[in-house]
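Report on the structure given below.
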Amino acid sequence: MGNTSSERAALERQAGHKTPRRDSSGGAKDGDRPKILMDSPEDADIFHSEEIKAPEKEEFLAWQHDLEANDKAPAQARPTVFRWTGGGKEVYLSGSFNNWSKLPLTRSQNNFVAILDLPEGEHQYKFFVDGQWTHDPSEPIVTSQLGTVNNIIQVKKTDFEVFDALMVDSQKCSDVSELSSSPPGPYHQEPYMSKPEERFKAPPILPPHLLQVILNKDTGISCDPALLPEPNHVMLNHLYALSIKDGVMVLSATHRYKKKYVTTLLYKPI
């Protein structure tokens, strides 16, 4: 004898089980679906999968990198002198500032010199002298974990404060915008015309004190023939010439060395 529908419903309520109703498609109703907690950490992956986070993360990191790059001011290059005094025929310079590539040094007497513009900070370098790597023992050195010894140099901004101040002063002094490029007054383009009287003008008269030169004086009998009288100071550093006699021209010049006077005579045949 079968149970009625009312009896089956009472038995199901007592057992605490309720059969969900299904629609024509075979799925449960929307009201019977499990609820998802939006703030639950277990459910975070449902809304933020790796496929969605990867592009956003890369875009954020790229934006942050650009922001940091803009905030950092580029280090100013400073002229730095490298000098090798250990002799040699061919000397090269290599360092961390040029990926350890060889840079030839210029010979300056007994030394080899190079001037490079390096950014501020710490730099390591080494010399390549006649086919052998070496360092300068007179300069600061640093030893790596592999035992390699390199020279080290610190390029500091404070070492160039004097040069920066001089540069600022020179820039201020070079501002000549308020000055005129030419003297004031009228200008014209007429060519200069020499006058006939200026073309045939006689040379100026010789000053009288230049007439008393040593070549025109006779040496006294009481004087030493190897010594000449002391000349006047206005006669120094001038070139004098005697009248041509017997086909010979005599030139003379007097110079002073400390307390002595030296007169040179040049005899030239004509």
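For all residues, glycine too, the Cβ spot is worked out from N, Cα and C.
For the annotation phosphoserine, the record in Swiss-Prot points to Ser108 among the listed residues Ser108, Ser144, Ser222. Considering Lys102, Lys201, Lys259, the record held by Swiss-Prot lists Lys201, annotated as N6-succinyllysine. In the three-state DSSP scheme, Thr148 (phosphothreonine) falls into the coil class. The DSSP breakdown of the region 'Glycogen-binding domain' (68-163), given as helix, strand and coil counts, is 14 helix, 49 strand, 33 coil.
For the modified residues Ser101, Ser182, the ranking by surrounding Cβ atoms (within 10 Å, all protein chains) places Ser101 first. Within 10 Å of the Cβ of Ser108 (phosphoserine) there are 10 other Cβ atoms, across all protein chains.
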